[in-house]
Amino acid sequence: MEVENHTVLSQFLLVGLSEDPELQPILFGLFLSMYLVTVLGNLLIILALSSDSHLHTPMYFFLSNLSLIDICFTSTIIPKMLVNIHAHSKEISYLECLTQVYFFMIFVGMDDMLLTIMAYDPFVSICYPLKYTVIMNPRHCVLLVLMCWLIMLCFSLIHILLVKQLTFSIGTEIPHFFCEVVQLFKVASSDTLIGIIVMYVSTALVIVFTVTGILYSYSQIVSILLRMSSSLSKYKAFSTCGSHLCVVSLFYGTGLGVYLSSAMVHSPQGSTIASMMYTVVTPILNPFIYSLRNKDVKGALRRLLRRTASCS
């Protein structure tokens, strides 16, 4: 088979969700509405938290960052998919594909890192209440987020450099609705062994680090809660962790679903559906989980909407 170097290859073909022409308008309307709800929902949380001085705390600072990451996460994938559906096209340029891979890896990694930091916050609050303001001061919180950004920028750059060494055939089809590094390794014409090893080792290190951090934080929290005599104190402590636990379960549950579908289901359709849950459904649910389960967020949203209505 004739193989073209990556410097010659100008575009890939994304298979997408369905080739049925009758389904295209339905898919376009569905994903456009989901995208708008995701952006508006997370944007409302950011505006509500930033406009309420009572919520300028570490927990809500991390929540605002999580909402911003979710907006960027979906914006990396959905707009290009909507353009292709509307134009009845499968094309994505080589540069667009690499850009999508790069930012997708950054934002999914940032989601993972921020969830770990958000588990650390109640751990310090419950286990070391007297030292909380010292440990979780604004400077430390900003440094934690910047450190996460730096780690994920370097992590994604390594994978992009590995992908750039691959070669592809002309007219290469990617059996997915967006460019993902795993799919690029699958359709490459050159040897991908080193890239796959680096990808799985580095991903495993990030996941082990973050999951271990979350499990350790909650094991210590549960240990403290079991020693509390007051039921009211237990309820207040648990209520601060409830929303975070829901989001963590959703994030890792859908992520595990993507992994298992890739490993056990050999049809591209099964893997695509699992990825859709992970990349589209999770970001749209996060703002609802935090707003519906958190009275402070609900109060901030009501005050923001009242101020907006009075100004108009």
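All positions are counted from 1 along the displayed chain.
Yeah, the Cβs are placed from backbone N, Cα and C, and that goes for glycine too.
Any TrEMBL annotation is an automated prediction that lacks curation.
Annotated features, as they stand in TrEMBL:
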- 41-290: domain 'G-protein coupled receptors family 1 profile' (DOMAIN)
- 26-49: transmembrane segment (TRANSMEM)
- 61-82: transmembrane segment (TRANSMEM)
- 102-120: transmembrane segment (TRANSMEM)
- 141-162: transmembrane segment (TRANSMEM)
- 193-216: transmembrane segment (TRANSMEM)
- 237-260: transmembrane segment (TRANSMEM)
- 272-292: transmembrane segment (TRANSMEM)
Taken over the domain 'G-protein coupled receptors family 1 profile' (41-290), the model's mean pLDDT: 85
Selected stretch (most C-beta pairs under 8 A with the transmembrane segment (141-162)) from 26-49, 61-82, 102-120, 193-216, 272-292: 102-120
